[in-house]
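What follows is a set of notes on a single structure, which appears directly below.
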Amino acid sequence: MQRLLFPPLKAFVGGPCLRLLLPRAAPRAQCGCSCGIRRPLRPGQYSTISEAALQSGRGTVSLPSKAAERVVGQWLLVCSGTVAGAVILGGVTRLTESGLSMVDWHLIKEMKPPTSQEEWEAEFQRYQQFPEFKILNHEMTLAEFKFIWYMEYSHRMWGRLVGLAYILPAAYFWRKGWLSRGMKGRVLALCGLVCFQGLLGWYMVKSGLEEKPDSHDIPRVSQYRLAAHLGSALVLYCASLWTSLSLLLPQHKLPETRQLLWLRRFAHGTAGLVFLTALSGAFVAGLDAGLVYNSFPKMGESWIPEDLFAFSPILRNVFENPTMVQFDHRILGITSVTAITALYFLSRRIPLPRRTKMAAVTLLALAYTQVGLGISTLLMYVPTPLAASHQSGSLALLSGALWLMNELRRVPK
């Protein structure tokens, strides 16, 4: 009986995987015979697997299991959804010109909105001291102020919800040992980016609260800071969604042919182009460039408007001239949908799994839907519901590009 039981157990306990989890066993005494007599165990040494697992809660496995990876992937998928909600809500806040209604920033204090008439009047009086009220909204009533205040308040509270959605589960998963070493670095970077995003949002708002005596323009936030705020949110969204898809979707073992390599590179370039197009939308929103030429495909009566290079030096036109900003956004949009169409037809020439083909079809459908929303928004003079749908479409298009990229990723050897 001993010969049947102990050799297999000895082989299992002496395996390389279990040696990572158990302290080193005490050496056998050399007595000159075939039997081995174990020396007395010192404190901290365990003779069985059960003793090692039960000793002061040390039975948790340090490497994350597949189940833990799936939980982490689902968590990051939810987090990317909260970021998408923040981006959409921020776009609506900008479209309703509500972003400058809250004139200060406090992490905890501002979480409680005004409740009494006196508190609302005090808040309204603070708003009246800044340029947006003096130049643009000097006839605004308290009821109208409450609407724009609650819009900005909702955006800020949603931002705090995003921070909690990242930080609290990250601390829990870290403590449980469900994060690998590489995943710990990613999670730390994501949580740091969330905190940076909040600070960048207030830095952006401050640019619209500054007094500019020499300027009679409508008070608005800096388009550069708006682009930085949106860009960091898009990076956070893409990183979270990419990581979640990598954890949740089983990877395809595709043959590494030259055609597949070219398709993979083209998909990466197309995704970068979609990201750049979405980012250029921040300059369109920041300069109200969507209201300059409300015609398509021409801009007014010509293909290339005369005031395209109205500013000097020429480089200023790219970021500060509303005509050039709208022109660039159009060109980037047309280029993106052309690249996605070419990517779709290239994917049809390669034998791909069904899920990958579905990703390519979805990306194509999202691209043409986004083009339709963009043209309709332009022709109808940027109505808020349609413009918000167009902004949401950019996130959906980014999601489709990331999905296809994830489908085509290389299997690690």
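Even glycines carry a Cβ here, placed using N, Cα and C.
If you check TrEMBL, you get these features:
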{"type": "TRANSMEM", "residues": "75-95", "note": "transmembrane segment"}
{"type": "TRANSMEM", "residues": "157-175", "note": "transmembrane segment"}
{"type": "TRANSMEM", "residues": "187-205", "note": "transmembrane segment"}
{"type": "TRANSMEM", "residues": "225-249", "note": "transmembrane segment"}
{"type": "TRANSMEM", "residues": "270-293", "note": "transmembrane segment"}
{"type": "TRANSMEM", "residues": "329-346", "note": "transmembrane segment"}
{"type": "TRANSMEM", "residues": "358-382", "note": "transmembrane segment"}
Report the listed stretch (75-95, 157-175, 187-205, 270-293, 329-346) having the maximum count of Cβ pairs within less than 8 Å of the transmembrane segment (358-382).
329-346
Beyond the flanks of the transmembrane segment (157-175) by at least 6 residues, Cβ under 8 Å:
68, 71-72, 75, 78-79, 82-83, 85-86, 89, 111, 184, 187, 190-191, 194-195, 197-198, 201
Is the transmembrane segment (329-346) packed against any residues at least 6 beyond its ends, judged by a Cβ distance under 8 Å, and which are they?
262-263, 266-267, 269-270, 273-274, 276-277, 280-281, 283-284, 289, 299, 360-361, 363-364, 367-368, 370-371, 374, 397, 401, 404
The transmembrane segment (75-95): which same-chain residues, six or more beyond its ends, come within Cβ distance under 8 Å?
151-152, 154-155, 158-159, 161-162, 165-166, 169, 173, 190, 226, 229-230, 233-234, 236-237, 240-241, 243-245, 247-248, 285, 382, 384, 387-388, 391-392, 395
